[in-house]
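What follows is a set of notes on a single structure, which appears directly below.
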Amino acid sequence: MIIFNLSNYNPGPFILVGIPGLEHCHVWIGIPFCIIYVVALVGNCTLLYLITVERSLHEPMFFFLSMLAMTDLILSTAGVPKTLSIFWLGAREITFPGCLTQMFFHHCSFVLDSAILMAMAFDRYVAICSPLRYTTILTPRTITKIAVGISSRSFCIILPVIFLLTRLPFCGTRIIPHTYCEHIGVARLACADISINIWYGFCVPIMTVISDVILIAVSYTLILCAVFRLPSRDARQKALGTCGSHVCVILMFYIPAFFSILAHRFGHNVPRTFHIMFANLYIVIPPALNPIVYGVKTTQIRHKVILLFSTKGSE
């Protein structure tokens, strides 16, 4: 039986620097971050409220959209409050368990976001390519299985990351040049071989996300083939319109995510200040823009939002 040495596996607090080189601007940088975070909270909570109370929105697409909204809330909340405390209060310390917790929710929500986008692509594929079988394929039982499956997958992929870090001894510096804890960034502070961390942390989650991207691409290729076979122009425009918001969200999620990941691993010529700033924008901007995009592009949600706020304004 392995006896764990708590002095190694529960080291002292880590120091989160913030954005290196821009320490003198932290107070001002925190203002737009806070505004964007509030927009993300209000937008996603409004989306969840509408989907919950409006029976007309109790459809598979909106169920997956509510999952996306909850995951976006977790993604932004896992990092932004601590970032603002660093910027405004100078509270740079974070305990090792707190660092692991933040890291787990951040990475898990990223992988889950990707899986939800894949599920939404499958939903659009069924709706457009097999509309007559839509309700028989995406039954409540099937949707529940998909939700449980993608949530369990994300949990099982990220949980080993935590154990890979707890086995490492931290006997040197504990200064993290970032605003939140990130797996490889923390692992590099260990005074031990981290090759397993690098292999698992890069290959497993990234290959999982790439497989999601491939399945999404296949779904939309089949969707486009089906759309262009439709007889009327109006039918084609309507079909493409139902996918427009989803495509925008996919691009907003994957493009900055892959840039941040690849720059962190291979972009040695990318200035650290730019990379960390971009990584922080990634965890606040997509969660803030997603409900706005769906509110503008999705007619049902747009009408419900207008009705909700017009009713409150007339009271």
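Backbone N, Cα and C atoms are what each Cβ position is placed from, and that goes for glycine too.
What you see is a predicted model, and the numbers here were worked out from it, not measured in a lab.
Record features, source TrEMBL:
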type	residues	note
TRANSMEM	27-50	transmembrane segment
DOMAIN	43-294	domain 'G-protein coupled receptors family 1 profile'
TRANSMEM	62-84	transmembrane segment
TRANSMEM	104-122	transmembrane segment
TRANSMEM	143-165	transmembrane segment
TRANSMEM	198-227	transmembrane segment
TRANSMEM	239-262	transmembrane segment
TRANSMEM	274-296	transmembrane segment
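The transmembrane segment (198-227) makes contact with the transmembrane segment (104-122): 3 or more of their CB pairs lie within 8 A, with pairs spaced 6 or more apart in sequence. Averaged across the domain 'G-protein coupled receptors family 1 profile' (43-294), the predicted model reaches a pLDDT of 87.
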